[in-house]
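Taken from TrEMBL, the feature domain 'Rhodopsin' applies to 2-257. Under the heading transmembrane segment, TrEMBL lists 16-35, 80-102, 108-130, 151-172, 192-210. Residues or ranges marked as region 'Disordered' in TrEMBL: 278-303.
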Amino acid sequence: MVVKFSRVSVWGADDLMIVATFCFLIAFVPLNANAGKNGAGQDMWSLTVDQITEYFKASGCFPVHDAISNTNQNFYITQALYYSTIAFLKASILFMYLRIFPGERFRVVLWGTQAFNLAIGVTFLLLGIFQCRPIHLAWTAWRRDSESLGTCMDVVIIAMVYSAIQVGLDIWMLILPLAQILGLNMKWSKKFGLMFMFSLGLFLTAASTIRLKHLVDYHQGTHNFTVGSLQIAIWSDIELCVGVFTACIPTTRQFFRVFIFGRPDGSASLHSEHIHARSLEGSPKRSTRQAAEAVDEPSPHTP
């Protein structure tokens, strides 16, 4: 935010997406933390009725009675926030790629990936919201009373499928910039530096993979929901926070170069529409080289 408001680099769609991501994250993390107050990590049957209901409603893990479904857990409020946060996070990273890399064919691939990310986000968000009929079964089914009649989808399977898709998308989004950087006409030392910066996205992939493993373990095992879902909640927090950090790495680089090390030439406008405009008149190789130069190009606001 300091980099943007100080006009070191201009605002773009990627910045708007990351701001939206952060807003969802601000809502997600406290809800997960509040789960501790309502029994996360504790024996479910040692809690009060109100604690259990609030835990299922807000923290994100809801059991469904076997008479209703074979589902071991449901996700509701935090699930909706999780899906939204991930979708906006990936959109931010892809918009950043669109502003860095001007090659026309590569941009078509990026827009296709952006459309896929949007479709996956909307689809799984709707599945999460309408997982039960009626909806309130998501947090009342555990009571096994007359109000707990209805049907629920096996949303733990849905969550596992979603996580697997996201791990695959993470890997794909790592390959995209690295493939472009390998073709740049520049010194290997600088090329390696750029590859290292984008490769930090591996931390997000690792966090997503660990969360998926805990989902699989949970699906195979426990019926003590408040205990069994704790690791999933923890790794959900880690995954989203690491994701936001990863998406902000290029701007963080600008911040350190300009405000910490005092190098005005480090204003590094990653958001370079003018580079894209010029590249349309040149060859693909020249366009890619210009994209590389944009990483270290002085901002129009730099004297």
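Glycine too: its Cβ is placed from the backbone N, Cα and C atoms.
Nobody curates TrEMBL annotations by hand; they come from automatic prediction.
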Segment-level pLDDT (mean, integer) for the domain 'Rhodopsin' (2-257): 78
Contact ranking winner - 80-102, 108-130, 192-210 against the transmembrane segment (16-35), Cβ under 8 Å: 80-102
Beyond the flanks of the transmembrane segment (108-130) by at least 6 residues, Cβ under 8 Å: 75-76, 79-80, 83-84, 86-87, 90-91, 94-95, 97-98, 101, 153, 155, 158, 162, 165, 169, 172-173, 176
